[in-house]
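For reference, the structure discussed in these notes is given below.
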Amino acid sequence: MATKFPKFSQALAQDPATRRIWYGIATAHDLEAHDGMTEENLYQKIFASHFGHLAVIFLWTAGNLFHVAWQGNFEQWVAKPLKVRPIAHSIWDPHFGESALKAFSKGNTYPVNIAFSGVYQWWYTIGFRTNQELYLGSVGLLLLSCALLFAGWLHLQPKFRPSLSWFKNNESRLNHHLSGLMGVSSLAWTGHLVHVALPASRGVHVGWDNFLTTPPHPAGLTPFFTGNWTVYAQNPDSPSHVYGTSEGAGTRILTFLGGFHPQTQSLWLSDIAHHQLAIAFVFIIAGHMYRTNFGIGHNMKEILDAHRPPGGRLGAGHVGLFETITNSLHIQLGLALACLGVATSLTAQHMYALTPYAYLSKDFTTEAALYTHHQYIAGFLMVGAFAHGAIFFVRDYDPELNKNNVLARMLEHKEAIISHLSWASLFLGFHVLGLYIHNDTVVAFGQPEKQILFEPLFAEYIQAASGKAVYNFNVLLSSSTNPATIAGNQVWLPGWLEAINNSKTDLFLKIGPGDFLVHHAIALGLHVTTLILVKGALDARGSKLMPDKKDFGYSFPCDGPGRGGTCDISAWDAFYLAMFWMLNTIGWVTFYWHWKHMTIWGGNPGQFDESSNYIMGWLRDYLWLNSSPLINGYNPFGMNNLSVWAWMFLFGHLIWATGFMFLISWRGYWQELIETLVWAHERTPLANLIRWRDKPVALSIVQARLVGLVHFAVGYILTYAAFVIASTSGKFA
């Protein structure tokens, strides 16, 4: 007899109802809950899956390289990066009629999809110039992908499975990850930038055929070994340097110029190389700090145990944290996701403000798409961090081990933490909404001069301190007599000051009352999301209603007062509610970024400054005005090359709206629905020939909410993606 799905749970496999399938899918990745799972086996399975994850990433990147080389126009784009629109891939679609074939055809090619991912600018900056190089890169990544898949398989074989003690050897792991993963990889990337990318930016091709015979600097390695390192920073590219050619090119490879290359409006490659080298140096040193084989260096347990507050009135400090974190994968994952979430959000900010890739800042749609993309990813990562923090408290937290330490004390005064967050959220919410509504009311009644408009003085002061001259604050870097200004004048400051005060760059945009209001609206969203997540995690193990619910698990729903009021203590429900707040908060962030930039790019920043002070301005002058290209993508009179985005805009709305059917429901409703469907199925000719072995039962409350949430999130993001791309490329094609 064939084993029923899921093999990892005997109890589920024997369930006679359809919940066997849904619970099987839901718990497929909950490895620690599988039958016969030991701690060692759990670590080994997760370790092996990392190789699979990396293989998928490299396979995906290989696909990008391959399709651009095969169907793109990379070489034409390299010749004229500001005139040619980059092609992602061809479109072969039987639905295309004559007008669509024309609309989606560029330069006598077959219909194509335009690339808004920034890969052209990235590959160009790091030294790619021909399709053949793209093909080679693709094949290389494909081979690497295969090697990683093999490595994943190999590490599941009995002889090659690492032991549990190997996984829990924190010092060795830290040393290897810091030195190897971060340090050596940064050093390798510095090498690539210096040996391949920089010469390419100066018109010198370096490939597999000549990389050993083409030194990146005319002085070779002599200055390195003689300690005369300043030679590498002499003779810079001139301001008139034509990127990708030797015209105006210098020879320096490691610099501290500050600002941007005048032609490409991207960071100087030699500055990036210098930065990457510094990171490599710091991390390689850091990777030699922890005590392993030689009995020297730091010991993590000693460091944590030594962190006890003086005076003894603040408890046991970090005692117990070493064992707690070492033995809990959930808290490790939570910390990693939180760090990665912050890094991803910072990437979104720096990708446009300090553009690293040549000509990226001239491709407005790509810039907008990359910002939106990275902010949404950051949101999901951050919510995931808190979700795993809550699971840690349910599954892994040991009150005895953590007695009176920082974790225990945080739990003991959680009411204070939650109430303070609540007060901050209430203050922000009432004041921000009150200001917006006041402004809407006076504008509606014909007295716009009575709006309450705050000048963001503190933010302007910070911008001025960083060198922004427009506010006339004369402080720190915007003061010519300040010691900081004098100190930096010989090195990076002239380039930086030129960049920060140049109206063509995105570095510290001029701000006003509209920015002040939306900043506080975003702060409201962040604080409420944090409140929900923090409360969900701190109450995950128990609350006033249920002092300890360790055996209750993590993913039970808030189900109203009928079952004893589980809304107070459901960590899963907190995660679920926080997802909506996270999505809406990032909506405010991306709306703000996109609208402000649309007005700057269009040469009319005054539109944002005037209309962003009241809600109707946002609805009318941002959403409605910019959705016109989408609404007119196709109509009774024909279509244009935005029609696919227009259709996706509609499709996204439909997915989003479908979510509400699952969100506004309860378990009895689902049971009735499924039984009605079964009844109809069994009485319909032909359909009743098909039977299923499992008895159909309703979705659980958690499952229905998850289905609703997925529709809400996917529909929401698809809708906004289509809006950003079509509205920006429609205006700035």
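Here the Cβ of each residue, glycine as well, is placed from N, Cα and C on the backbone.
The annotation transmembrane segment is assigned in Swiss-Prot to 46-69 (among others) on the grounds of sequence analysis.
Per Swiss-Prot, transmembrane segment is recorded for 134-157 (among others).
If you look up Swiss-Prot, you'll see 174-198 (among others) marked as transmembrane segment, on the strength of sequence analysis.
Marked as transmembrane segment by Swiss-Prot on the basis of sequence analysis: 272-290 (among others).
Residues or ranges marked as transmembrane segment in Swiss-Prot: 329-352 (among others). Through the fold, the transmembrane segment (329-352) approaches residues 32, 42-43, 46, 360-361, 367, 370-371, 373-375, 377-379, 381-382, 384-389, 391-392, 395-396, 506, 597 of its own chain, all at least 6 residues removed from its boundaries and within a Cβ separation under 8 Å.
The feature transmembrane segment is assigned by Swiss-Prot to 368-394 (among others), with sequence analysis given as support.
Among the features that Swiss-Prot reports, transmembrane segment is placed at 416-438 (among others), with the record citing sequence analysis.
Per Swiss-Prot, the feature transmembrane segment maps to 516-534 (among others). Residues of the same chain lying 6 or more positions beyond the ends of the transmembrane segment (516-534) and with a Cβ under 8 Å from any Cβ of it are 383, 386, 417-418, 421-422, 424-425, 428-429, 431-432, 435-436, 454-456, 459, 574-575, 577-578, 581-582, 584-585, 588-589, 592, 612-613.
A simple way to gauge crowding: the CB of Cys558 ([4Fe-4S] cluster binding site) has 19 other CB atoms within 10 angstroms, across all the protein chains here. The feature [4Fe-4S] cluster binding site is assigned by Swiss-Prot to Cys558, Cys567, with sequence analysis given as support.
Summarising the annotation, Swiss-Prot assigns transmembrane segment to 574-595 (among others) and lists sequence analysis as the type of evidence.
Residues annotated as transmembrane segment in Swiss-Prot: 642-664 (among others). Sequence-distant contacts of the transmembrane segment (642-664), counting only residues of its own chain at least 6 positions beyond either end whose CB sits under 8 Å from a CB of the stretch, comprise 100, 103-104, 627, 629-634, 704-705, 707-712, 714-723, 725-726, 729-730.
Taken from Swiss-Prot, the feature chlorophyll a B1 binding site covers His653, and the record attributes it to sequence analysis. Over all protein chains present, the Cβ of His653 (chlorophyll a B1 binding site) has 15 other Cβ atoms lying within 10 Å.
Residues annotated as chlorophyll a B3 binding site in Swiss-Prot, with sequence analysis given as evidence: Met661, Tyr669. For Tyr669 (chlorophyll a B3 binding site), no same-chain residue lying six or more positions away in sequence has a CB closer than 8 A to its CB.
Annotation source Swiss-Prot lists phylloquinone binding site at Trp670. The Cβ of Trp670 (phylloquinone binding site) has Ala698, Leu699, Ala704 as same-chain neighbours under 8 Å, each 6 or more residues away in sequence.
Under the heading transmembrane segment, Swiss-Prot lists 706-726 (among others).
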Cys558 ([4Fe-4S] cluster binding site) - helix vs strand vs coil (DSSP): coil
Intrachain neighbours beyond the transmembrane segment (574-595), with Cβ under 8 angstroms and 6 or more residues off its ends: 368, 371-372, 375-376, 378-380, 382-383, 386-387, 390, 515, 518, 521-522, 525-526, 528-529, 532-533, 535-537, 539, 608, 612, 618, 621-623, 626, 705-706, 709, 712-713, 716-717, 720, 724, 727-728
Positions on the same chain near the transmembrane segment (174-198), where near means CB under 8 A and six or more residues out: 125-127, 206, 211, 216, 253-254, 269-270, 272-273, 276-277, 279-284, 286-290, 292, 300
Neighbour tally for Met661 (chlorophyll a B3 binding site), based on other Cβ positions within 10 Å of its Cβ: 12
